[in-house]
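A.B. asks: What TrEMBL lists as transmembrane segment is 122-140, 175-199, 211-236, 256-272, 284-310, 330-353, 413-434, 440-458, 470-498. Among the features that TrEMBL reports, domain 'STAS' is placed at 526-649.
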Amino acid sequence: MVGGSSNRVDVADHETTIRVPITDSIIPPLEVHKVCLPPNKTAFQSLKHNLSEIFFPDDPLHKFKNQTSFAKLVLGLQYFFPIFQWVPEYSLKLLKSDVISGLTIASLAIPQGISYAKLANLPPIIGLYSSFVPPLLYAILGSSRHLAVGPVSIASLVMGSMLREVVSPITEPVLYLKLAFTATFFAGLFQTSLGLLRLGFIIDFLSKPTLIGFTAGAAVIVSLQQLKGLLGITHFTPKMQIVNVLSSVVTHEKEWSWQTIVMGISFLVFLLTTRHISMRRPKLFWISAAAPLTSVIVSTILVFIFRAHTSSISTIGHLPKGLNPPSANMLYFSGPHLVLAIKTGIVAGILSLTEGIAVGRTFASLRNYQIDGNKEMIAIGVMNMAGSCTSCYVTTGSFSRSAVNYNAGAQTALSNIVMASTVLVTLLFLMPLFYYTPNVILAAIIITAVIGLINYQEAFKLWKVDKSDFFTCFCAFFGVLFLSVQMGLAIAVGVSIFKILMNVTRPSTVVLGNIPGTQIYQNIGRYRDASRVPSFLILAIESPIYFANSTYLQERILRWIREEEERIQEKEEQSIKSIILDLTAVTAIDTNGLEAIVELKKTLDKRSLQLVLVNPVGEVMEKLNSSKILESFEAKGLYLTVGEAIGDMVRRAKLEV
């Protein structure tokens with residue numbers, strides 16, 4: 001059957017077996033091609049190639065080839081400082097777009113910065129400091145045109161929850177602040193090291209299902225924690241588990257303030273409404289972007305006017321004016337809490353790095369340009385190390401601010417400089433205006449921001465597409481809710497690694513059959529037309545053969561043979577004479593794998609069954625040859641295709657008769 005039916009993918013309801021002797025009309029004669037060895041490489045050449053593919057898959061030095069010394073200098077500056085790529089071509093038109101987008105994201109960054117600092121249990125002014133220095137550095141070092149840099153909810157939550165478990169920000173505020181700056185330094189050091197050593201693939205262990213579940217769980221916890229501000233509760237649990245949080249809300253019912261509740265719910269409804277409008281009509285993005293700052297201004301004015309009647313509504317209070325004070329002298333490099341700072345920095349650093357790169361790549365794909373992941377790691381790492389010395393905590397690219405930046409028409413990273421300049425003006429002149437800003441507004445802003453992190457559509461999609469990925473997402477979500485933020489993340493990563501190990505240690509093997517009238521051999525479980533070939537058992541191995549799975553594969557192949565012999569005996573068909581292993585999908589093999597093939601051949605020889613190998617790829621073929629294993633297969637044990645193998649063995653059998 002040739003044509004469309006030969007390519008139909010279907011689940012077979014039954015197995016078809018050819019019951020007539022093999023003739024040339026069924027298996028057309030083919031020319032037998034020799035399986036060639038790959039070109040010879042020295043050990044140094046092989047090592048160089050492997051290291052290059054691991055650490056330099058993008059070939060970063062290709063632009064420097066055949067260039068003059070001056071050109072290489074310019075390219076070097078552009079590589080390490082991407083600002084030199086767009087500054088020479090900058091125009092007044094671009095400036096107009098960047099200024100508008102910078103002012104727009106500043107209106108969002110100022111209230112969010114204050115809010116996220118509170119989320120990390122830090123003084124609100126730290127959030128503004130963190131919205132000034134890091135964006136300036138990113139504009140020089142970053143390769144994304146649309147990434148808006150500043151504090152983010154997830155990193156703030158992780159830092160706040162991990163540090164608060166050991167050190168109280170209320171009873172030991174100075175020590176807590178030192179640990180926050182130190183954790184930020186180690187986060188930056190870790191991120192920069194990944195970029196310089198080109199080890200960015202490490203963050204790939206945070207799979208998409210892991211992040212979906214983790215961020216959704218964190219969003220729920222963050223929202224519940226804000227009930228303290230929305231209800232006006234003074235004494236609230238520092239724990240992050242959902243049971244403790246809800247219990248604290250109920251047990252402190254007497255502390256609820258109706259004035260705080262009315263104001264909080266009113267502005268929360270306003271913020272959610274503007275967010276909904278902007279989502280339904282993207283051109284009205286500026287409504288949700290301006291809503292947080294508008295809420296801060298209006299609520300501050302209301303509290304100031306009615307301050308004699310709103311004493312139960314807590315406010316931010318005094319915020320110091322001035323630029324970021326130096327904090328290098330506060331870095332904590334010795335003492336009993338150093339390990340805590342390092343651990344917090346690494347966890348927060350990984351999460352912020354993952355979010356920043358993911359956001360940058362998302363908006364780069366929308367505008368059809370590329371960002372360099374390693375450059376981004378260095379840029380984010382450097383700005384966090386510098387930030388730790390200038391009273392900043394962990395920062396990265398924010399999805400909400402970057403989306404506003406993109407929709408506002410940002411063209412280059414200058415929008416970050418405009419935003420930082422606006423924050424600078426705020427720090428120098430506008431700090432007294434925040435004195436009467438109610439904390440309940442900050443809670444409402446945080447809830448509105450993190451609600452977007454609950455991506456139930458993606459979770460539903462995971463359930464439909466891959467149940468194991470959904471299970472990973474499920475573990476992350478409920479781990480965060482009922483255990484802790486870091487435990488939920490650790491469990492999800494553990495489940496992801498376990499899934500990888502299962503795929504490696506228990507790879508798939510399938511039985512192939514011939515699609516009549518063709519030389520195509522496909523899985524008989526998928527293709528209705530695929531038919532077993534009498535006297536042959538054709539197996540395909542669909543993974544590399546390593547020490548972790550070589551024993552399993554050997555046992556699984558012997559089981560396939562036993563099951564086939566039982567089936568043949570039951571249906572009274574021709575007995576098996578040859579086992580064909582299709583190695584097309586075996587991309588690599590180690591010494592354990594080679595030994596498994598040798599042992600398998602010895603076992604089959606004792607049972608008078610012939611083992612035939614088909615289409616080993618370059619590396620596998622090279623190792624089979626260098627280990628002298630091919631010598632034991634002789635001329636009739638290695639073929640380029642399954643069709644050639646069967647055709648040649650059938651002809652040989654006829655000649656022998």
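Just so you know, glycine gets a Cβ as well, placed from its N, Cα and C.
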A.B. asks: Test of understanding: applying the rule of at least three C-beta pairs under 8 Å (pairs 6 or more apart in sequence), is the transmembrane segment (175-199) touching the transmembrane segment (440-458)?
C.D. replies: no
A.B. asks: For the transmembrane segment (330-353), which recorded stretch in the set 122-140, 175-199, 256-272, 284-310, 470-498 gives the largest number of Cβ pairs separated by under 8 Å?
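C.D. replies: Going through each listed stretch, the top one turns out to be 175-199.
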A.B. asks: Could you check whether the transmembrane segment (211-236) packs against the transmembrane segment (122-140) - three or more CB pairs closer than 8 Å, residues at least 6 apart in sequence?
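C.D. replies: They are not in contact.
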A.B. asks: Looking only at the domain 'STAS' (526-649), what are its DSSP counts of helix, strand and coil residues?
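C.D. replies: Tallying H, G and I as helix, E and B as strand, the rest coil: 59 helix, 22 strand, 43 coil.
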A.B. asks: Counting CB pairs under 8 Å, which listed stretch among 122-140, 284-310, 470-498 touches the transmembrane segment (175-199) the most?
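C.D. replies: Going through each listed stretch, the top one turns out to be 122-140.
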A.B. asks: Go through the chain and flag residues at least 6 beyond the ends of the transmembrane segment (284-310) whose CB is under 8 A from any CB in it; none is fine as an answer.
C.D. replies: 104-105, 107-108, 110-112, 259, 263, 267, 270-271, 274-275, 277-278, 403-404, 407-408, 433-434, 436-438, 440-441, 444-445, 448
